[in-house]
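Take a look at the following structure, please.
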Amino acid sequence: MAVEPIPAEMLYRACDVSQFAFENTAELGEHAGLVGQERVLDALRFGTGIRRQGYNIFVLGQNGAGKHEAVLRFLSGIALKERAPSDWVYVNNFRTPHKPVALELGAGTGRALKEGMARLVDDLKVTIPSIIESEEYQNRRQSIDEEYQEKQEHAFEELRAKAEVQEIALLRTPAGFALAPVQDGNVLKPDEFNKLPEQERKRIESVIETLQKELAEIIEHVPGWEKEHRQRVRALNREVAEREVKRAMREVRALFEGMTAVAAWLTAVMGDLVENIGMFASGGDAVPEQQRAIVTMQAAMQGRGPDLGASDPFRRYEVNIVVDNSNEARKSGSSKWRAQDIADAGGYIGGGAPIIYEDHPTMANLLGRVEHMPQMGALVTDFTLIKPGSLHRANGGYLLVDALKLLREPLAWEALKRAIRRRKVVIESAGEYMSLISTVTLEPDPIPLDIKIILFGDRYLYYVLSNNDPDFGELFKVAADFEDEIDREPENDLLYACLLASTCRDEGLLPLDRSGVGRVIERSSRQAEDAEKLSTVMRPIVDLLCEADHIARSEAATAISAHHVDEAVDAQIARADRLRERSLEMITRDIVMIDTEGERVGQVNGLSVLSMGSVSFGRPSRITARVRMGLGSARVIDIEREVALGGPIHTKGVLILSGYISGQFLPAIPLSMSASVVFEQSYGGIDGDSASSAELYALISALAEAPIAQGLAVTGSVNQLGEVQAIGGVNDKIEGFFDICMRRGLTGDQGVLIPASNVKHLMLRQDVVDAVERGMFAIYPVEHVEEGVELLMSAPAGIRGADGHFPAGSIYARAEQRLAAFADNQIRFAQRPDDNTPGRKGA
């Protein structure tokens, strides 16, 4: 049953760079970033292809796996083949201004409408004043004015003539008109009038009373004449304006012929222009400050709220483009594939359907918002201050959002779900939603929503949402689950090289030569903790490439080579190595007690991994066991659990020890053993079962009173059958013990026992491999506890023979003899009279 050490060539799987036909990655083409992600590709094809309600996509996987970049590359390939979606604009609603009208236009035609309306207004600002000043218009206006004046003057002239005949004068005063008696051509003063004979005064008063009634009748007709005059002037202006506005609007109407909604709005524009043609009389000059203040105050008194149109009456004819899918808008799109680059560039990658990445998914950034401006001490708004959200900009395409960022923003998640369910974007204000503000605002028309939402998150968040939000499963029916690892095989090696080539181009890095590619592939395997796998978590790899590029450029190299990658790895470790160094120092100074030479009964070196942030390293821990006679069972006390430092998985591992001892020894006799197992000098929480085999070795050593070689360390979990099972962090654990032995001096008798199933995971440092090759350090693959017992205790564990006994002198024979002695002692103890128990007699 002797176990041979693992050969040095199996401790590190080097990449065969001779398989690559290129000199450096500059010769390789682009890659979509989905190496070995066939399941994800299928999910993305299905999710983007099906156009039904609720089939949005949740992309899940480890952080740093390059999910955003890979999905962006995939989407760009299909988005460019799709047609660009419609433009959307908001325009004034002339009947109800607080409900702006949304118009759908062909892709890129929003600018045409906006520019056409601007030209229209500018044109009318010139032509309307010219027409008003023309001789034809002035003659017609003068004719209307003269007719009005003649009608009014004729009525007053008849009354004046009638009054003169009766010696009464019709006088114009600041207050209007008055009648007064006349004598000898002069108007009588009051005192002169009072001197007249009474009969004469009565006659004059009677005549004045009659004439006063006639004057009142004329004055009553004056408003009617004025109204008629205004109507005729308005009719003249309307006639002139309709003719000119129709002419001016031909160009705009022709651009949007056949578009019913636009045509209806242009008709409303024409009606409003005709009704407000007086605005153009001054050539479009701005409204004076005093008049603007009066208009604002009148609007407020009428309960309409302030109006930005008071300062610029032509603002009502502007066009607010909220979605612009013109080619000019796309020219600012990003050519890079990082999500942040897409967000910084406005979201677009190129033509076709838009791809928008929302980096800050607040409710306002998703749904849009209505902004306000201060005016006369109040906040005012109109349709030109409507700002689009990412749902508007991504309409007809794809919206990418980080789920965690979305959930952190108040009301944003619920707002997004409402938009998806309604299939329309309704601009809502968080302040109004929560009744925090009462500012006058708008109710813009909703815009129909045709979009594919793609959320990004880790698996934990996906399952939390699936289990706790009933809407989530209805709205995000497609899961694209990124593999954390892919098989390391020649085909994938080449694909990975292509991915590295794309990364170098996107990041502006030097290309990798073949040796550099090989070393990065090897580093990816170490990151995956598996020599047969490659890690798909690209963020650490990108960081490594950036640092290797820095080193290569400092040497004026033209490509990144293996030694540049090695230096970058060493530098990363050195920068974060303080904790590991302090841990090693405490062991080498015997502050933390770890033996690496000699033998001890009931004592073994277990291995664990300490992780703090991005730093992780292996560290040995002394595990000790004590046994004594028990009370009719095989009880193993987990001291870590007793003091609430052990986690549930660690506790499970310790309980398995009892199962193994009970099944392995004295099958026909009740066991009477009490044992305690502890991690010495452990002052923090412990969880996991990777030390359960070490704990079992310590327990067997204590039972058999067989010393364990302290130059060996152990890792691996164990089941009740004694099979040693794979664990995580095997490379860090081996290197952690190796570093201690190296500091104290390698003896050639030191090494580590690992599960045989972990051999395929080995990607050890070069100094460890070199030590193994020189025979100064050994790594043993163990499949069963018995193999480990023989290695640690320098004697065979023993196999129960046909006679039911273990071979004499074997470790298990010695352990069983000790357990048998415990059982005998327990029987004798039970049969011994107990003088302290009343009525009890001995056997």
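First residue shown is number 1, and so on along the chain.
Cβ from N, Cα, C; glycine included.
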Which range is it, out of 201-246, 293-338, that shows up in TrEMBL as coiled coil?
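Going through 201-246, 293-338 one by one, TrEMBL gives coiled coil for 201-246.
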The domain 'Lon proteolytic' (598-795): mean pLDDT?
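Summarising the domain 'Lon proteolytic' (598-795) by its mean pLDDT gives 87.
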Reduced to three states, what secondary structure does DSSP give Ser690 (active site)?
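SS state of Ser690 (active site) = coil.
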At the level of the C-alpha atoms, what whole-angstrom distance separates Lys733 (active site) and Ser690 (active site)?
11
